[in-house]
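So that you can see what the record holds, here are the features copied from TrEMBL:
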TRANSMEM  12-31  transmembrane segment
TRANSMEM  113-135  transmembrane segment
TRANSMEM  142-165  transmembrane segment
TRANSMEM  171-195  transmembrane segment
TRANSMEM  216-236  transmembrane segment
TRANSMEM  267-285  transmembrane segment
TRANSMEM  297-318  transmembrane segment
TRANSMEM  324-344  transmembrane segment
């Protein structure tokens with residue numbers, strides 16, 4: 001039983017990595033402006049494997065995909081109206097910019113295509129994990145969690161098609177990012193529960209007390225919780241800053257002028273970064289005097305790299321690869337915080 005559970009846990013770690021790759025690939029797509037590289041979904045220019053040159057496309061491909069986008073926008077507008085967002089629905093439906101079709105660009109098309117392949121691999125990995133649970137280890141809680149995450153992943157894929165159809169309307173990209181964090185958190189919780197099940201069936205591990213539980217003082221526990229909440233909000237603010245950059249790009253503002261024109265979200269984002277650093281330094285200092293919990297050391301290390309990348313972004317005119325690294329380490333921070341919270345316990349005084 002323990003061996004089966006360990007294999008199941010390892011496979012779910014692989015699925016987590018695949019999900020993580022989708023997030024990173026999505027960031028690369030955003031930075032390179034490749035989101036409209038494939039105007040349709042799930043195919044790309046009508047092909048499962050996209051073309052490499054414009055000559056492979058029909059002469060009226062722009063008009064064809066613009067018509068398809070109109071239909072998707074109308075469906076999405078009806079969906080928004082159905083949940084009470086009438087004003088947003090009307091704005092999207094009547095925005096002429098959403099009907100603008102881009103010229104074919106092979107590099108952008110294949111960048112977006114690779115992003116979709118990563119999503120395909122992650123989705124199928126989650127499906128295999130669910131089948132594994134149904135066939136081999138039929139525990140209701142595990143199955144429901146795995147099924148829930150697969151459903152959210154399916155919704156995420158559908159929403160991805162809306163993001164494309166709406167021509168990358170800024171707020172849809174933010175929702176897309178936050179859904180990715182939800183998927184990562186559920187996957188981590190599933191891995192955590194499998195780990196607890198391994199401990200339950202492993203007599204030697206249970207008797208030795210060597211379980212993956214971290215006991216910390218009450219003040220430290222809540223400071224870690226607060227730090228995680230701020231970090232999650234930071235990721236949200238980061239997407240807002242990115243949306244502002246997209247708008248400035250449309251207006252013709254050059255990369256050199258981005259930093260000077262970013263408003264309140266950027267100021268809050270920058271200020272909160274230092275607040276989290278102070279919290280984590282305090283937690284790490286106390287940790288080294290006591291339990292020496294390894295994930296807390298990771299938090300300090302990753303956060304330090306994250307702050308350095310943020311400084312480079314501000315003073316280096318927002319280089320694209322650093323933007324990707326900034327999100328990469330932010331998501332790692334979120335994952336470490338999430339897994340830690342599943343394992344943290346308040347120590348008895």
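Glycine is treated like the rest: Cβ placed from N, Cα and C.
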Among 113-135, 171-195, 216-236, 297-318, 324-344, stretch most in contact with the transmembrane segment (142-165) (C-beta, under 8 angstroms): 171-195
Recorded stretch, among 12-31, 171-195, 324-344, maximising Cβ pairs under 8 Å relative to the transmembrane segment (216-236): 324-344
Remote residues contacting the transmembrane segment (113-135) - C-beta distance under 8 A, at least 6 residues beyond either end: 8, 11-12, 14-15, 18-19, 21-22, 25-26, 28-29, 34, 37-38, 42, 44, 49-50, 142-143, 146-147, 149-150, 153-154, 157, 160, 187
